[in-house]
Amino acid sequence: MVDKSQETTHFGFQTVAKEQKADMVAHVFHSVASKYDVMNDLMSFGIHRLWKRFTIDCSGVRRGQTVLDLAGGTGDLTAKFSRLVGETGKVVLADINESMLKMGREKLRNIGVIGNVEYVQANAEALPFPDNTFDCITISFGLRNVTDKDKALRSMYRVLKPGGRLLVLEFSKPIIEPLSKAYDAYSFHVLPRIGSLVANDADSYRYLAESIRMHPDQDTLKTMMQDAGFESVDYYNLTAGVVALHRGYKF
């Protein structure tokens, strides 16, 4: 029998005990929650808004449907899904991190998004929802922080309705070599400095860069989704593969 206390995983470039990673990731997001939206705009030059818009366009979400915005953070996708599903639909904004969930709730209420949105603190590896609950699940820039990604994908598959779809928006591997080198230089030298100046937290943004490099590439993630049960899995490279959107269905 394997001693679970001896099982390891990665936290950025570090090797840590599996049972420690969730707490370490939680510390990162507790630290950056208050500056999360500002940093997203600065780090991506605002392009993250286009990536998320494309995700919405590919979701096929319609009025009356039920959507899970997993690792939904400050609620960018939830705000848009709320309008799409209307009064007869529902969006669940779920995040494992209490600080991020609080920021999302406050932000959405301040812009008048109420009524058809619920907030749930949840671990992607063990989603607290019945089987066949959601028409669509999105996880945006969250999967790379999950300790057991395969377990999380199986959990998402379980709570999707037949005919439902999962969309994973995540940093990936640039497909143009010169861009890859420039991206590395930006990630490891510029991002931590921005984090230090704006959020007073260089370490969290160093972890961000490292976690991106440790995340599975496009084809590996596609295979992982297929292994979890998803069918008709495909992906779109955005900004030359800096980010990829994967989509899979439960039939």
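In case you wondered, yes, glycine gets a Cβ from its N, Cα and C as well.
Binding of S-adenosyl-L-methionine is attributed by Swiss-Prot to ASP95, ASN123, ALA124, SER140, and the same site annotation extends, among THR66, THR74, THR220, to THR74. Following the DSSP three-state reduction, the secondary structure of ALA124 (S-adenosyl-L-methionine binding site) is helix.
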